[in-house]
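Engineer: What TrEMBL lists as signal peptide is 1-20. Taken from TrEMBL, the feature domain 'Neurotransmitter-gated ion-channel ligand-binding' covers 40-246. The transmembrane segment annotation in TrEMBL covers 247-270, 282-303, 309-331, 455-478. The domain 'Neurotransmitter-gated ion-channel transmembrane' annotation in TrEMBL covers 253-470.
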């Protein structure tokens, strides 16, 4: 043996001794397998594992999948398309009989996380799915040493829901999330709850409660159904009951409408014989039309129904039109015209006698309300004075004629002038009498107009109050419920 061979053998022996002293195997890199126990468990579990096979040793035994649901947020409620978007925390767990190990053989490790793609996962879906939400991908599941697999993940759920908007903005929606195995029957997969139904119902710990919708409760119900008479499927249905917060819509929709209706009622206190009431109510009607155009995008719309608040706005618009029509009729009635006829007797009997008793306005005096009839006594007095003057003038002329006849004969040289004067006086008297008559007619119609205005105003007020009380009662009941 030469020197080089001895030196090589000595180096090998020294390296082997150093390795033996350090306790490391040849070829191992320091820090490469820090979690060697987890690697050994993973290799132990994956050896011969078939993820496409339901993990039971006895095929006659069904796999029970326990699920749980916690609502985190209500993202969107699309009334037009009948779609509800929620963000939930979904949990499911089952027992995999092939993923079992003894913790004492693996440094007392009792659970590990392994990729979801490497294990069998039940095909439990939500029946109401209509779109794939933007859910984060959780690629791992927890596996316990007893074979319990826990698959916890957040899901953005876009589901179909029958939304009833009739009670908007005091509506309560009940949307269901139905979990079931799409393929397996109850002989293979059954479903149960991780927690009790009472705990699921009252759990609001993770719900974001600052949005438009308030979570009331989550009801859970287990049911088995059959497509045919032989195969039964298990399903777990969660009813998510939510309620809309109506403060925003009350302030921005209901209160402006109520203010406009109150102003319409106040407008009845304007005198009906003035044109200001008509212009005032036309302005209110135009303002309400603009208001409806502005809020039209806020109201939810569906193809099968209209919310009650939409009916409320339409009825308010109709009441404003009725109020304007009533004002136009009353103004036309009390407007003074020279060619008006006398008030019929049956109108006087019904309006000026019966209606005044019914409305408790018998003792009201309508004469001061006649803006153009305040000088009527003056015209009557002037008329009587004119008659007296005419009478005395005629008598004075006769006396003068007699006196002149006693002394000497005086020839009346201007009979056409006197006849002209008498004719003019007679024409003036007839004009004044006709004027007085037209004023009396206008006064009668004004009295009728005022009585009818009071009557129609009270009927209109009772209608508005009854309509308001009915809607207020309905919305209060819905809010309490």
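For all residues, glycine too, the Cβ spot is worked out from N, Cα and C.
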Engineer: Under 8 Å between C-beta atoms and at least six residues away from its ends: which parts of the chain pack against the transmembrane segment (309-331)?
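Structural biologist: Distant Cβ neighbours of the transmembrane segment (309-331) are 168-169, 249, 253-254, 257, 260-261, 264, 267-268, 272-273, 275, 277-278, 281-282, 284-285, 288-289, 292, 295, 299, 449, 452-453, 456, 460, 463-464, 467, 471.
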Engineer: Over the domain 'Neurotransmitter-gated ion-channel ligand-binding' (40-246), what is the model's mean pLDDT?
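Structural biologist: In the predicted model, the domain 'Neurotransmitter-gated ion-channel ligand-binding' (40-246) has a mean pLDDT of 92.
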Engineer: Please indicate, using numbers and ranges, the residues of the same chain that are 6 or more beyond the transmembrane segment (282-303) and have a C-beta under 8 Å from a C-beta there.
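Structural biologist: Residues packing against the transmembrane segment (282-303) from afar: 79-80, 82, 163, 165, 168, 249, 252-253, 256-257, 260, 263-264, 267, 309-310, 313, 316-317, 320-321, 324.
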